[in-house]
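Structure, as structure tokens:
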Amino acid sequence: MQLEISPRQRSQQQKEEEGEHQQRAGEEAVGAVFSIEPWVDAAAVLVPPLNFAEVNDGIFRSGFPAADNFAFLLSLKLRSIVYLCPEPYPEENTRFLEQNGIKLHQFGIDGSKELLVNIPEEKIREALKVILDVRNQPVLIHCKRGKHRTGCVVGCLRKLQKWCLTSVFDEYQHFAAAKARSTDQRFMELFDTSSLMHLTASQC
């Protein structure tokens, strides 16, 4: 024998089912909010990395980007990052690049403070080839603080742009400040640009 459900009971049952559905939807919505990466927030404040600056159209420099800089990096519409440290890229930063289609080019240069350390000229040269390839732009160049390794790469780029050494050194010292190294400036002075002169003026 099948019991009939009265209209009142049916109405109460529907209300309970609707309540459970709304509760599940609310829980899913809350879960979705917490799963969103912080850089996706449209209301996020744009905070540039330490020592950030525009070098040229489509070329930028900075210190190491932290998570609170990611929204700012998105605003640059980067295609590539040139990373000048030998240490592995942090997992959080790697995930950010992967999820936003940004390619990482790593040229590990030792950040030793020893005055007699040799700066690897070939790595600087290869980094410049990547930076000046318009297919990789917009591109961000960075090391740890955006001072020495980044400063050397940008200084060598300026030589390609025919800057005089005084201007090259002034820019380097602006970012390095009290930490400026004579060895860095000597390296930039002696850097041979002849093998890179085939790069077009528009790339520089």
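Glycine is no exception: its Cβ is also placed from the backbone N, Cα and C atoms.
The region 'WPD loop important for active site topology' annotation in Swiss-Prot falls on one of the ranges 29-41, 68-80, 81-93, 107-119, namely 107-119.
DSSP assigns R149 (site 'Transition state stabilizer') to a helix in the three-state reduction. Between C143 (active site, phosphocysteine intermediate) and R149 (site 'Transition state stabilizer'), the C-alpha separation comes to 6 Å. For the region 'WPD loop important for active site topology' (107-119), the predicted model reports an average pLDDT of 71.
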